[in-house]
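Copied over from TrEMBL, here are the features:
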type    : residues                     : note
DOMAIN  : 21-100                       : domain 'Manganese/iron superoxide dismutase N-terminal'
BINDING : His44, His92, Asp181, His185 : Mn(2+) binding site
DOMAIN  : 115-214                      : domain 'Manganese/iron superoxide dismutase C-terminal'
Amino acid sequence: MKNLQFPLRRFFSLRSTIPATIPKLKFGLNDLEPILSKNLLEYHYGKHHQTYINNLNDIYNQIKEASANNDVHKVALLQSGLRFNLGGHVNHALYWENLAPSKQGGGQLPESNSPLTLAITQKWGSYENFIAEFNKRTASIQGSGWGWLGYDTVSKTLRMFELGNQEMPEWNSIVPLLTIDVWEHAYYLDYQNLRVKYLTEIWKIIDWKVVEQRYREATKQ
């Protein structure tokens, strides 16, 4: 897969580039410890994410073959699996991108006068308020899903939202800025059933430089 410079361009490329390949991490598997262990990353990145990619490529090939044979019924049956595994790939790629160990700036908030800081404080009052609301909403997701921060290009404001399973933020007006995975495989090996604790700790390795870059690109600042 072509490694595009900007995360948002890469987001749209991820949704359209098949065969897909797993993105290379910018950190080692043990670099996110003690927040996320090497053992967890080996399973989450090396097995779960890779499985979504394997399934995605396999289903895509089946669709190509069915299309060549004019098997419209089979093509239709494969669509839900294609969407699910594409979402699993795209969402995870964005998630890995917005994580970083502390030695690479993980957990370090943007400057107080940065465009993202001004937007967050205008809407939520402070980063503390934003994180508290994000955690409350994301922790309440029933079953598996993702917490998101996005930029609405129509209203020109930030939006917080949640999506279940492997749904993607596909509204034309919403640009994804930040996502946190709350499928059990994202935290269970380290936090067991303590989703709230995982959500509290994960902010220590959020790469705000990436979130800021996504915001600047979305707003052309």
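Just so you know, the numbers here start at 1 and follow the chain as drawn.
Using the three backbone atoms N, Cα and C, a Cβ is placed for every residue, glycine included.
Secondary structure of the domain 'Manganese/iron superoxide dismutase N-terminal' (21-100), assigned with DSSP and counted as helix (H, G, I), strand (E, B) and coil, comes to 57 helix, 1 strand, 22 coil.
Neighbours of the Mn(2+) site: apart from His44, His92, Asp181, His185, residues of the same chain with C-beta atoms within 8 angstroms of the site's C-beta centroid are Tyr45, His48, His49, Tyr95, Trp183, Ala186. Residues belonging to the domain 'Manganese/iron superoxide dismutase C-terminal' (115-214) score a mean pLDDT of 95 in the model.
DSSP gives His185 (Mn(2+) binding site) a helix state.
For His44 (Mn(2+) binding site), other Cβ atoms within 10 Å of its Cβ number 24. Ranking the binding-site residues His92, His185 by C-beta neighbours within 10 Å puts His92 at the top. In this view, Asp181 (Mn(2+) binding site) is surrounded by 23 other Cβ atoms within 10 Å of its Cβ, with every protein chain counted.
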